[in-house]
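First comes the structure, then the notes that go with it.
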Ligand code: TYD
Ligand code: MG
């Protein structure tokens, strides 16, 4: 094959290039580029428009469409992340690090949807049926009406599904699937794409919901879930810190519900337990108010969630002080430090800065800016914020505080958890903020002056 030149594909993001390099230009990952043999490339001999196609029926945009019928399970946290239950014919990707608990979550989910009346098939390409059965036994799901299969051959799996006609199929994992019509190793970008394409087509064709499990891989030896993100309707990531018992299922894309929705679980010996009140959980380890600790009233998806921002500021002999962040964006921290220095005259040169979101939570809202600034100042001044106070607000480069969405919901959640005061930007729609003393401020310098008496 003279024309079928080599193609190089990034196993993290699926970007293709014509030459190898150590680092992917598209996603910046190192050592993820692999050679894939491509089918004879080059332009097709005839353009598609030249031959006769079938005409496709078109409908008005205004055409009323009934909302998709959903099935709710007994796992409310899972239903919430799916946008209020499982939609028939949807393709769902569940990504996460190996060992984070994906198989456990999906086995529990499969049992819950089976109990809700769906026909459920669970195909494991990684474990033998006996192993899955043992896991089910341990989770107390020994009698769940879930059909198990241990197989990696996609042709056989699809044939089985075509006769079984399930309502829900779990494929654990997409990287172990093998399509025999594709000349590439299991786990390669080409195989993972082909398998995901076959399975999502099956979902649309038969109206079955298909869940694909995808391991996140750092080494780039097998293709990561990002390679198939664009093919599916819903992308969920299962996250958590290894040392913590909390696990968060986060919707990063959902054609059938809000993105950014989270479901919170706690790992136990008997599987994942749902956490109905995450704020209480994230704040449970908080002791008496200490310098550097600030409670942020955040919103995750449709739900308010309070969490604790912890900062530590310490002198360093190093010329390049450390900036270490866990659970928040490092670039955003640099910005806050720059604004504190430029607009409030508070330098952090010669000081190491550590920032941590307690409980293994990851926060991405800009509304956390003010809470982070407060934690940094509190740590630097070695003085705790007034007790039982929550903080939220976005900081602009000018040092102004910008109001954020859902101020009222944040305040209500804070009050529910026993907080009595809040500091927020001026101009937020606080609505009925009874029971909580709200202090509104227009800029960061005012905040510094009022709370820390400096500026
Ligand atoms: P597993 O579901 O196999 O992870 P993944 O499929 O993402 O690789 O879980 C990993 C291990 O953690 C497994 O040995 C079971 C254990 N585990 C618990 O004991 N309790 C739990 O609640 C969870 C989620 C996992
Ligand atoms: Mg697994």
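Any Cβ shown, glycine's included, is placed from N, Cα and C.
Database features, via TrEMBL:
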type	residues	note
BINDING	96, 97, 98, 99, 100, 101, 102, 103	ATP binding site
DOMAIN	67-216	domain 'RecA family profile 1'
REGION	38-69	region 'Disordered'
REGION	352-455	region 'Lon-protease-like'
MOTIF	253-257	motif 'RadA KNRFG motif'
Practice task
Using a Cβ cut-off of under 6 Å to any atom of ligand 1, determine which of the binding-site residues 97, 99, 101 qualify.
Solution key: 99, 101
Practice task
Go through 96, 99, 101, our binding-site residues, and report the one whose Cβ sees the most other Cβ atoms within 10 Å.
Solution key: 96
Problem - Positions whose Cβ lies under 8 angstroms from the motif 'RadA KNRFG motif' (253-257), at least six residues beyond its ends - result: 68, 70, 81-84, 87, 90, 229, 232-235
Exercise for the section: Within the domain 'RecA family profile 1' (67-216) only, compute the mean pLDDT. Expected result: 94
Problem - Chain-mates of 96, 97, 98, 99, 100, 101, 102, 103 with C-beta within 8 Å of site centroid, ATP - result: 215, 238
Problem - Spatial neighbours, same chain, of residue 98 (ATP binding site) - Cβ under 8 Å, 6+ residues apart - result: 215, 216, 217
Completion exercise
Min neighbour Cβ count (10 Å) across binding-site residues 97, 100, 102, 103 flags 97
Fill in the blank from the handout: Expected list for ligand 2 (Cβ under 6 angstroms, binding-site residues 97, 98, 99, 100, 101, 102) reads 102
Handout entry: Conformational class of residue 103 (ATP binding site) under the three-state DSSP mapping
Key = helix
Exercise for the section: Sort the residues of the domain 'RecA family profile 1' (67-216) into helix, strand and coil with DSSP and give the three counts. Expected result: 62 helix, 32 strand, 56 coil
